[in-house]
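Engineer: Got a structure for you, written out below as structure tokens; questions coming shortly.
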Amino acid sequence: MEGYGLFLVLLVSALLLGFLSVLFALVWVFHYREGLSWDGGSAEFNWHPVLIITGFIFIQGIAIIVYRLPWTWKCSKLLIKFIHAGLNTIAMILAIVSLVAVFDFHNAKNIPNMYSLHSWIGLTAVIFYTLQLVLGFAVFLLPFAPVSLRASLMPIHIYSGLLIFATVIATALMGFTEKLIFALKTPAPAYNTSPPEAIFVNTLGLLIVIFGALILWMATRPHWKRPPEENSKIQQPNGGTPEGTEEESTMTDCSNTDKSDVEFNSEAAARKRNLKLDEVGQRSTM
């Protein structure tokens, strides 16, 4: 893998920043707010930022780069697909629960729903994320979609995933600002006076931005892309493989190619050598 050391540094940095973001979210709601509960009060609303940061940002970020981890390249592609889909499913469930907490809190306090740009973009991101997950299951995980359809949809799937991830981060930053403006008012220290809570949450926003930047960088470097699996390429009439096609692996664990495949390849190589020797012998007798 080209630039393995740099990739490892970026990966460790991203994981550390993601973990710190979740930790900062918990400190925020327990130290500066009312903690967590499910009683229709402010503590129920606090589930929203905690679950969004944990699932919709941190776990989704890990799901995006799981294909890029070089020590998984000997694993079955199908296994990595299940891990990718499982992480995204967890992120989606946490995001939906966070939305339920917000709506329940708003309804209990008679606060209007869906009036801010933050809520518009946030709900749109959840809807598109759900569609992305369902289509991903149907097209790339289940064995029914034709190869041509997978090849044509793969660039769209990748682009939309990165777009949703970036949109979620931007929406979270909008939510931080909105929450601080409403929560920090006079006579208490107002937001524009930079009280400790405001500085703390702004720092949380910076951590999330840097985390997202690292994930997007690792996910878009072509030399860190998972290499094709030689034993499962779909052969075309010209001997090549269609560009962008996902090569399915028949391996079920992180071992190398199956013994039967090795034997088959060895026999094929031996036949080629014998043919070449025969050709040389024929030319030498002419």
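Every residue, even glycine, has its Cβ placed from backbone N, Cα and C.
Feature list, courtesy of TrEMBL:
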type	residues	note
TRANSMEM	7-30	transmembrane segment
DOMAIN	13-220	domain 'Cytochrome b561'
TRANSMEM	50-70	transmembrane segment
TRANSMEM	82-103	transmembrane segment
TRANSMEM	123-144	transmembrane segment
TRANSMEM	156-176	transmembrane segment
TRANSMEM	199-219	transmembrane segment
REGION	226-268	region 'Disordered'
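Let's see these features in context: how buried, what's close, how far.
Structural biologist: For the domain 'Cytochrome b561' (13-220), the mean pLDDT of the prediction comes to 95.
Through the fold, the transmembrane segment (82-103) approaches residues 38, 44-45, 47-52, 54-56, 59-60, 62-63, 66-67, 113, 122-123, 126, 129-130, 132-133, 136-137, 141 of its own chain, all at least 6 residues removed from its boundaries and within a Cβ separation under 8 Å.
Taking Cβ pairs closer than 8 Å, the transmembrane segment (199-219) reaches residues 7, 10-11, 13-14, 17-18, 20-21, 24-25, 27-28, 32, 53, 57-58, 61, 64-65, 68, 162, 165-166, 169, 172-173, 176, 179-180 in its own chain, all 6 or more past its ends.
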Engineer: Sequence-remote contacts (6 or more beyond its ends) of the transmembrane segment (7-30), Cβ cut-off under 8 Å?
Structural biologist: 1, 36, 43, 46, 49-50, 53-54, 57-58, 61-62, 65, 68-70, 197, 200-201, 203-204, 207-208, 210-211, 214-215, 217-218, 224
Engineer: Are there residues at least 6 beyond the ends of the transmembrane segment (50-70) whose Cβ is under 8 Å from a Cβ of it, and what are they?
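Structural biologist: Same-chain residues near the transmembrane segment (50-70) but 6 or more away: 1, 4, 7, 11, 14-15, 18-19, 21-22, 25-26, 29, 36, 80, 83-84, 87-88, 90-95, 97-98, 101, 125, 129, 161-162, 165, 168-169, 172, 175, 204, 208, 211-212, 215, 218-219, 224-226.
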